[in-house]
Amino acid sequence: MNPYILAILLFGLGLGTTITFASSHWLLAWMGLEMNTLAIIPLMAQHHHPRAVEATTKYFLTQAAAAATLLFASITNAWLTGQWEIQQITHPLPATMITLALALKIGLAPLHAWLPEVLQGLDLTTGLILSTWQKLAPFALILQIQPSNSTLLIILGITSTLVGGWGGLNQTQLRKILAYSSIAHLGWMVLVLQFSPSITLLTLLTYFIMTLSTFLVFKLNKATNINTLATSWAKAPALTALTPLILLSLGGLPPLTGFMPKWLILQELAKQGLAPTATLAALTALLSLYFYLRLSYAMTLTISPNNLTGTTPWRLPSAQLTYPLATSTAMTICLLPLTPAISALLTP
C-alpha cells in the first residue's frame with residue numbers, strides 16, 4: 001500500500017477514536033465510530049484476497065448495523081427526554097438499545113458471531129488493530145452510560161466468558177482462537193464495569209499488552225494455524241520457550257500479569273455479593289485455559305506433524321522489529337508483583 005494512503009488511513013483511525021473520546025454529544029460520538037469503521041476497511045481489504053474481501057464485507061455490514069442502531073437509539077432518547085448528552089441516558093429503552101449496539105460493535109456474546117469470521121480473513125497486523133484499537137471507542141461509550149443497565153451487562157459478560165471459552169476449544173486456526181480469547185476477555189471487563197470502571201480499564205490495558213505480544217509472536221513465525229506453530233522451535237528457540245508464558249498469561253495463570261485483572265475482578269464481584277457470578281466466571285476461565293495450553297503444547301512439546309509446503313519457514317530471516325515484541329513480552333510476563341501498587345492507585 002502507498003505509504004501516504006496508509007498514513008492517511010491510520011490518521012483517520014486515530015482521529016475517529018479521539019472524536020468519540022472527546023464527545024459528549026451522541027451525534028459526534030456516532031461520527032467518530034463511523035470514521036473508525038471507514039478508515040479500517042481499506043486496510044482490511046488491501047490484499048485483494050477473496051477471504052479478505054469477504055471479511056471486510058461482513059465487518060462493514062455488522063458495524064453499519066450497529067451504528068444505525070446506535071443512531072436510532074440516540075434519536076429516540078432525544079425524542080423521549082430532549083437530551084443529546086451521552087451521560088443523560090435516563091430512559092431504559094434507548095439505554096438498552098445503545099448497550100446492545102455497542103456490544104455488537106466490540107463483539108460481545110451473543111452478538112459475537114461476526115468476530116471470529118472477520119478476524120480469520122485478515123492478516124495478523126490488521127487483525128491486531130481490530131482486536132485492540134477498534135475496541136477503544138465503543139468501550140469509552142459503554143463506560144459513560146454504564147450505570148443504567150446492570151442486569152444486561154452481567155448477562156452479556158457471563159455469556160461472553162462462556163462463549164469465548166467454548167468457541168475456542170475445537171479451533172485449529174490461530175486467528176479464530178484469538179477472536180474467542182478476545183470475546184472472553186471483553187466478557188470479564190463488562191462483568192465488573194458497573195462496580196469498578198477503573199478495574200475494567202486496567203483489564204483492557206493488560207489485555208492489549210498480552211494480545212500485542214501474542215500477535216507479534218505469531219507474526220514473527222508467520223503462523224496462522226497450530227501446525228505451523230510447531231515449526232517455530234527451529235526459527236526462534238528463545239521466543240518459543242517464552243511463548244507458553246505469554247499464552248498462559250492470556251489464560252490468567254499466576255504468577256503472570258494476566259492473573260492480576262482476573263484476581264481483582266473476582267475480588268470485586270465477591271465484595272458486591274455476586275459470589276455465584278464470580279464462581280461461574282472463574283470456571284469459564286478454565287475453558288479458555290485449555291486452548292492456551294493446547295497452543296503451548298503444540299509449540300513447545302511437538303514437532304511439526306507434516307512437512308509444510310513451500311519454502312521452509314526458518315530459512316528466511318524475519319524483517320519484523322523485535323523491540324516491541326521484547327517490551328510487550330516482558331510486560332506480559334512480569335507485571336504481577338505491581339498489583340499492590342496498582343490496587344492502591346485504583347482505590348478512590
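Note that Cβ sites are derived from N, Cα and C of the backbone, with glycine treated the same way.
Listed in TrEMBL:
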| type | residues | note |
| --- | --- | --- |
| DOMAIN | 23-286 | domain 'NADH:quinone oxidoreductase/Mrp antiporter transmembrane' |
| DOMAIN | 289-342 | domain 'NADH dehydrogenase subunit 2 C-terminal' |
| TRANSMEM | 60-80 | transmembrane segment |
| TRANSMEM | 92-115 | transmembrane segment |
| TRANSMEM | 151-170 | transmembrane segment |
| TRANSMEM | 177-195 | transmembrane segment |
| TRANSMEM | 201-221 | transmembrane segment |
| TRANSMEM | 233-253 | transmembrane segment |
| TRANSMEM | 273-293 | transmembrane segment |
**Prompt:** Are there at least 3 C-beta pairs under 8 angstroms linking the transmembrane segment (273-293) and the transmembrane segment (151-170), leaving out pairs fewer than 6 apart in sequence?
**Reply:** yes
**Prompt:** Residues of the same chain, at least six outside the transmembrane segment (177-195), with any C-beta under 8 angstroms of its C-beta?
**Reply:** 106-109, 112, 115-116, 118-120, 127, 131, 135, 139, 142-143, 146-147, 150, 153-154, 156-165, 167-168, 171, 203-204, 207, 211, 214-215, 250, 261-262, 264-265, 268-269, 271-272, 277, 281, 284-285, 288, 291-292, 295
**Item:** For the domain 'NADH dehydrogenase subunit 2 C-terminal' (289-342), the mean pLDDT of the predicted model
**Value:** 81
**Complete:** Same-chain residues at least 6 beyond the ends of the transmembrane segment (92-115) with a Cβ under 8 Å from one of its Cβ atoms are 33, 58-59, 62-63, 65-67, 69-70, 72-74, 76-77, 80, 134-135, 138-139, 141-142, 145, 148-149, 152-153, 156-157, 159-160, 162-164, 179, 182-183, 186-187, 190
**Prompt:** Under an 8 Å Cβ to Cβ limit, what residues of the same chain, 6 or more beyond the ends of the transmembrane segment (201-221), are close to it?
**Reply:** 124-125, 127-128, 131-132, 135, 139, 143, 174, 178, 181-182, 185, 188-189, 192, 228-229, 231-232, 235-236, 239, 243, 246-247, 249-250, 257-258, 260-261, 264-265, 313, 318, 320, 322, 324-325, 328-329, 331-332, 335, 342, 346
